[in-house]
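> Below you will find the structure I want to go over with you.
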Amino acid sequence: MAGLPKRIIKETERLMADPAPGITATPHDDNLRYFDVTIAGPDGSPFAAGNFRLELFLPEEYPMAPPKVRFLTKIYHPNIDKLGRICLDILKDKWSPALQIRTVLLSIQALLSSPNPDDPLATDVAKHYKEDEKDAQRVSQEWTQLYAK
Amino acid sequence: MDWANTKLPEPEDFPESSTAPGLRALDNALRCTICKELFSGPVSLRCGHSFCSQCIRQALSAKQECPTCRKGHETEVQIRVNMDLEEAVLAWTAARSHVLELIEKANSASSTRHPPLPPKKRKRSEPVEDDEIVELSSETSPPRSSPPADATLCPMCNKPASEAEINRHLDSGCPAAVQPSNKKGSSSKDEWSKLMSGRTKSLAKGKGRATDSDDEPSPLPKVSYDTLKDRQIKELLSEQGLPTTGDRQLLIKRHQQWVIMYNSNLDKKVTVRTTQAKLKADLARWLEKHAMSAKPVVEDVQAHQRKYGKEFAALTASARPKAKA
């Protein structure tokens, strides 16, 4: 508890008291900078009805540096690689201290709705998405049913 | 979870806009988007967005754009003090706990319909009040409540002046500083600081900001540390009365952060500024949290290995099967 910036405490309170739809984030009791996150796959996407687990860590420099976020659930998505790393600009060079945990998680949820195969992280998935989107979405759906329960 | 017990003041302390229109939005509007606190020394960028001086200086040192709208090429030079916003925040800080109290009273008056509500409200707002009262009494009120007994306001420039001084002050056309004792005491120091900062080229910049008086301290210049030797950085630090211990990286970090804290303190209204001593204590605390938490240096490698060898082996063993699976 000691040394935890007020901003983090406030964000945590807000996340618990008034969570964004389809998103939960719970801090670990022994490390309040480490969150267990779940994101519900957005309706109308191949990830619908899936429940994806992620981990989120707030580094010492937060909010001057972005949080570190990673998918723990396997997912077939052109911007998420097999280690769960996410290719999203606001998690890297487009980070701004005015952003917060809530907006980051909403952005990730939006990334599930609109994959961006032109800026891929998982190149094979991106290729699949570009060559045969229908078939790639079918695989995404399969993986969702298989892993994101 | 213990953070739940330490309820911090936040916009949601106020009821939704359907019951109390505008209050939650007002509290939110007077908060910095970086630290989520009520503005402390608010400043604006060219795009019109405002932040606490220290927050934006810190943010700009990492990336030169507005954190809210990403308008680019903002530097510390473009920061403008937002005095009216500061007044609004100070007034709201004073009013906040009072308003919360009034809401609570109104709630308990109409509590016959919703009996469980009021106790919850009370729990929420009490620590808030404590917080505000402490902050207020230590920062805002003493300067305001303690002008000299014969104090009056100058009818021309509205500055406080003692009655004995007021005529001379008016005759000389309202020079900004009306505290002769203060001026006398610091004049030689001023002389020195001018000499010192003259050496580092930024006096012209500082002059632009120092608005109305001669003994208004000017902001510290930014330093390009790469061109300086350790000895010169230490000199810069000792000029500011700061410790010169630690390696080069720490020296730079200490001076950098000091410039940010010192300059943002100057962006605050004189009456709510922090003292140099407190600022230095804040700096030490900040460094402890940020710079010191960098990797500790292992001095005796073998002793370290002996001490942690077992733990390390256990950790690798437990990590291996996971990696395979």
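One is the number of the first residue shown, and numbering goes on along the chain from there.
Glycine residues also receive a Cβ, built from the backbone N, Cα and C atoms like all the rest.
As listed in TrEMBL for this protein:
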type     : residues : note
ACT_SITE : A:Cys87  : active site, glycyl thioester intermediate
DOMAIN   : A:3-149  : domain 'UBC core'
> Helix, strand, coil residue numbers for the domain 'UBC core' (A:3-149) per DSSP?
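Summed over the domain 'UBC core' (A:3-149), the classes give 52 helix, 27 strand, 68 coil.
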> Below 8 Å Cβ to Cβ and six or more residues apart, same chain only. Which residues does that give for the residue listed as 'active site, glycyl thioester intermediate'?
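The answer is A:Asn79, A:Ile80, A:Asp81, A:Asp119, A:Pro120, A:Leu121.
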> For the domain 'UBC core' (A:3-149), what's the model's average pLDDT?
93
